[in-house]
Each structure stands twice: as structure tokens, then as C-alpha cells.
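Scroll down for the structure; my scribbles are underneath it.
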Amino acid sequence: MALTLRSSTSFINLKDNKSFKTPDEILGTVSFTQIKPSRRLRAKNSMHEILERGISTEVTRKDILEKLHALTVSHGQQGTKVPVYIMLPLDTVTHGGNLNKPRAMNASLMALKSAGVEGVMVDAWWGLVEKDGPMQYNWEGYAELVQMVARHGLKLQVVMSFHQCGGNVGDSCSIPLPPWALEEISKNPDLVYTDGSGRRNPEYISLGCDSLPVLRGRTPIQVYADYMQSFRDRFSGDLGSVIAEIQVGMGPCGELRYPSYPESNGTWRFPGIGEFQCYDKYMRASLQASAEALGHMDWGKSGPHDSGQYNQFPEETGFFRREGTWNTEYGKFFLEWYSEKLLEHGDRILAAAKGVFQGTQVKLSGKVAGIHWHYRTRSHAAELTAGYYNTRYHDGYLPIARMMGKHGVVLNFTCMEMRDGEQPEHANCSPEGLVRQVKVAAKTAGTDLAGENALERYDEGAYAQVLLTSRSDSGNSLSAFTYLRMNKRLFEENNWRNLAGFVKSMSEGGNNRLSESDLGRTDLYIGFIKEKSATKIKEAALV
């Protein structure tokens, strides 16, 4: 299944995998053993998958090799280096506020440094840091991580995660919003996004109340700004050096979007169109005011009545079908209002972040979801319900790129690893077409573009696709790539070899293919030597 939600994995339990263990007696001493050279890159699709799609093995292999050849030529000319970061597990900091499994983290960072990665990314959860009460912040677990990252000579991307963890694809841990915020939500359920059936979504505070003092006397934007100011004060000496980037969360999964496709409790499943999230009282009041300003009172009574349900397809609805309501005067009004509210929300948060971190030399970034299903239809239904007014006749990503560019913010986009041919035909997907459109939008707006993979992938084909999308013949290559996600599978021998070769190729601007010269003999077995016997080496991690 091809989704773009941030896939999640709890912190790796190193003792669960025979090939990746960390003994309690770890002392931090490292020994290296050689890895056998790998074969050169070849297509990883199984014969069964290829035959199901009606594509021959020869064609699939040829396609990947042609892409790699194109990378070699283009990157050789441009020589653009793309630093690679690795996302840390979602529960890197525990509910108690401490660094989770520090010995395992130390070994993992040591391995990542040896592989040549630029750094790592971590979520700084609002629900953990400010859980004890308004403006009571606990950064201690993150401070320990910053020190450890610095010791290994790595850099850190920190996500200001104002959303809950849990309820999306792959989530294996739960970190709700701060208890005091949830208490306010229980008193006033309209503080969170609501769909047409009245279903409330506790992932994120509704943007409808951005400027209202609904959180114990503070507006949500003030709460987020205070949180970021506290982070700046605590880590002032590390900003712009160890802490290279702050990614500002602006919605569910940290992405600038509405929670239109919630997976929790089976509400949504791929490739459903999702539902509009504009039915809390604050959003409805805004819609009504906008309609009245245009003299169309009826347009402000509710959202579209014919937009269907979460798991329907566009042609099953009156709104999204080929000649549907989306392309009428009313449909254009609603979509413009809905998407403009999201843009204003992003603008407010990024303006606050810019004010807080000004003068620190730290980069700011914001994340946009890669909603690639139904992209090949006229209405782009799944994008519309998420707040991206992108149709065959309307560019939804250029306004976002311009808004971010105005603040000097990097646009971080997902699904960089996906190919059209991997997607189910009935879902009308085109991740490659979507990425191309976003790259053009970023270039037009003069906004830097960074990327992520949407789903956990370890195969050579996925890395080849990232290399392809990271390059540019026209000067808008990626400024960075963040790989999702560090877990025990990443450190399995073949997966690690693929990653090491990928990082090397990205760091060299794609001058070398993912071949034997890149993937072989990485010298990256890590072993830990017991205190009393340097000859008794116990391999703790095969990386």
C-alpha cells in the first residue's frame, strides 16, 4: 500500500535481533570487520510483482539502469552534494522525559557517522515537553541527545511536533497532546478538527482558533511561539552548529494539511478520497463570513453536501467526479476558502518561528504531504480534502512554495522514493508527476526544496528513485534528504550496504552509481570489547 503518512517505528530493541545486539557492558570501544563486496545494482522487484503489472523483468531492470545512467551524467555535470539525515525513532525520548536506551543510541549514531550521513532528525513532542502544565518545559532528554550527537560529529534536525503521535500508518507508540490542552479540548470539543459527521480528531488543534485565547489565556499560535522560544533559550549555544535545522510542525504528522485521511479506528484506508475537515464551530463561522462577504448566504451554511465519505472514489461522488461540483462557481469558492485558511495558518506559524529563531543561523523548514493517489484524475480529490487546491486547472503547490519562500523556509516534500509503476492502477497515482510539479513550484517561487521518503524502504530501486528526484538539470536539486527511519531492519547487512552506497552517491553529487565500488567493503561492523579482554570481541551490531 502506498501512502504518504509518516511511517513510524518505536525505538529499536537491539536485543530482539540476533544480528543487532547491545550488551549491557558496552564501553564504547569499537572494532571493525570487513563486509563482503556486494553485486552491482539490479532491480529488486519480485517476478510475481512484475508479472502482476504486466511488465517484463528486462524492461524493469533496464528502466532502473537507465535512470542511474542519467544520474551519473547529470550529477557529474552539476556536482551538487545532497546531505542525508536519518530520522530517529518516534520514542527517542521517553514519557518520563529521558533519552530512551542511550547505549543503543550511542552505538547507532556511531554507525551512522561511519556511513557518512550528515546527521539525524528527532521529534520534539509538545505532549512530552510541556505536559506538566502551561509553560512548564522539560528539555532534558533532548539535551542529552544533542550532546551525544555533537560528540559523534553529527548534526541534528529538530521537529517542533505540535501534533499527537499515534493513529496514523505504522505508528507504534502513543504521545497525545499535553494533558492540560486535552482538558481544554474536553471542555470545548470544537478546538479540534471535525468532519461532516461530527467526528472529532484530537491529533492537532484546529486552525480555526489560531488567533483566539482558547488555551488558558493563550492562542495556539502564542503557545507554539512560547514553546519555540523555550527551545531557543535552552539550546542557544547549539543552534546553527549542532542543531542545523528546525522543522516547524503545522498540522497532523507535522505536515501543513488537514487531517483528511485519519487511519485510526479504520476511519480511512488507501486510496480513499478523505473528507473535508471544516465543521468545528470556528471553521464554520469563517466559512459563513466568507460566503456572506460575496453575497452568497447559502454557500456558508456547510461544506459540500456531495463530497462523499472517506473511502469512496472520486467518480462515486457528485463533488469530485470528472464534471463535478469542484469545477463550479460554488466549488471554486469553497476550495479557495478551504485552502486559503491552511495557507494563512502556515504563514502565522512560520512568521512566529522566524521571529523566534532570527539571528541563530539555524535553517527553518516546513513539511508538505505527498498525496499522490487520484493525482491522475481531474479533481485530485485526495489533495483537495487535505487542503491543497490542486486540480487539472489550478496549481495548489505554487502558493505554498511562495508562502514558505517569503519566510526563507525550506519546503520539505515526501514520496521522493516512489515510482508510478509501483502503484495500483485503480488508485490513479502519480508520485513522480506530483514530485515534478512540486519541484517546478519550488523553483518558480525561489524556495529551497528538501525531501523524504514516505514509507520505509530499503531496496536499491527506492534509493535509485531518490537519486533521480534529487538531481536537477535546471538548478533546483534537493538541499537535503531525510531518510525514514532508523530501526533494526536498517542495520541488517544488505539494507545497511544499500544505505551506505546511497549516502556515498548523494554526498558525491551522484557521480558514482550504486555499484560494487559504492556498496562493497564498507568496513562497518561495530563490535564492543569487554573491559578485561580486548581479544574477546562481541559483535553488537551488524551495520
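Note that Cβ sites are derived from N, Cα and C of the backbone, with glycine treated the same way.
Unlike curated records, TrEMBL annotations are generated automatically.
Non-local neighbourhood of D123 (substrate binding site): L90, T92, V159, S161, C165, G254, each in the same chain, at least six residues away, with C-beta under 8 Å from its C-beta. The substrate binding site annotation in TrEMBL covers D123, H163, D171, K367, H372, T414, N453, A454, R485.
The annotation active site, proton donor is assigned in TrEMBL to E255. Taking all protein chains in view, 26 other C-beta atoms sit within 10 angstroms of the C-beta of E255 (active site, proton donor).
Sequence-distant neighbours of E452 (active site, proton acceptor) (same chain, 6+ residues apart, CB-CB distance under 8 A): M87, K367, N412, F413, T414, M416, F481, T482, Y483, L484. Annotation comment: TrEMBL describes E452 as active site, proton acceptor.
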Select one residue from H372, R485: among these binding-site residues, choose the one with the most other Cβ atoms within 10 Å of its Cβ.
H372
Cβ neighbour count (within 10 Å, all chains shown) around N453 (substrate binding site):
24
